[in-house]
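Q: Pasting in a structure now, in structure tokens, and then I'll have a few things to ask.
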């Protein structure tokens with residue numbers, strides 16, 4: 001019905017649009033605060049561990065070998081060096097926004113070629129991924145026991161074949177290790193921000209001794225899959241950042257405040273009242289245009305009532321000031 005497109009319906013559309021805008025303004029993507037990561041009553045600085053880190057696991061299924069490159073960046077999304085380039089594995093890459101990813105390669109001894117078989121985005125800001133990823137979420141908890149100094153990081157956001165993914169990284173205090181020891185390069189290379197040195201082929205398996213970042217397994221758990229890692233580093237020790245207390249939570253990460261909820265609820269209540277009243281007036285009285293609005297007569301009179309009230313106030317002020325400083329007897 002064309003007559004319903006104007007008048008009050010334009011007002012209702014603007015009202016609902018404002019409500020949606022207010023809700024969207026409070027929706028922010030959380031990032032792991034590497035420089036000041038609060039865990040219970042202490043703050044850790046993981047910024048020295050920023051940048052992509054890779055480890056490789058191998059699996060032999062005769063007559064083929066499988067190498068899986070596990071890439072991790074705690075502080076920002078992973079970025080491929082040859083992003084946008086051509087290649088046989090084009091399309092087999094970690095989606096934009098991935099911070100933890102697994103890329104499995106199949107090595108065929110007969111052809112002596114390695115091909116990407118599967119890519120699994122495990123964690124990151126993946127709500128825009130075609131595979132059904134979710135927003136990045138994280139939590140940090142201190143390790144239990146007096147002898148276990150460090151904390152456990154849980155990173156989420158990935159979905160693979162309908163199964164939710166997560167990475168559980170145990171950050172263990174080791175005062176003699178920086179966390180970069182023994183790192184090997186897989187077939188997938190990522191931008192580190194600095195010139196890389198050396199080259200070399202694909203390692204057959206993860207180096208066992210002296211490795212700071214250790215692969216503990218990738219397991220199916222219920223309706224999801226979990227990657228378990230252990231990271232030995234001095235930056236998981238409380239002495240690494242002495243004397244600091246957890247920073248106050250960022251307003252965007254703490255959820256919606258009381259006034260935000262109140263404004264949204266008031267908008268919804270007013271919109272519901274106007275919509276229901278307009279529908280009632282239309283069906284009961286056949287009203288059209290502005291007559292659809294509840295109390296339309298009162299709404300029309302508001303400008304005149306306001307004008308009359310302002311005139312009365314001005315007359316009162318002027319009359320009280322024209323007595324030359326004397327009061328009426």
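Each residue, glycine too, has its Cβ placed from N, Cα and C.
Where the annotation comes from TrEMBL, it is an automatic prediction and has not been curated.
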Q: Of 214-234, 235-255, 256-276, which range does TrEMBL call transmembrane segment?
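A: Transmembrane segment, as annotated by TrEMBL, spans 256-276.
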Q: Mean pLDDT over the domain 'MRH' (32-239): what is the value?
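A: Over the domain 'MRH' (32-239), the predicted model scores a mean pLDDT of 81.
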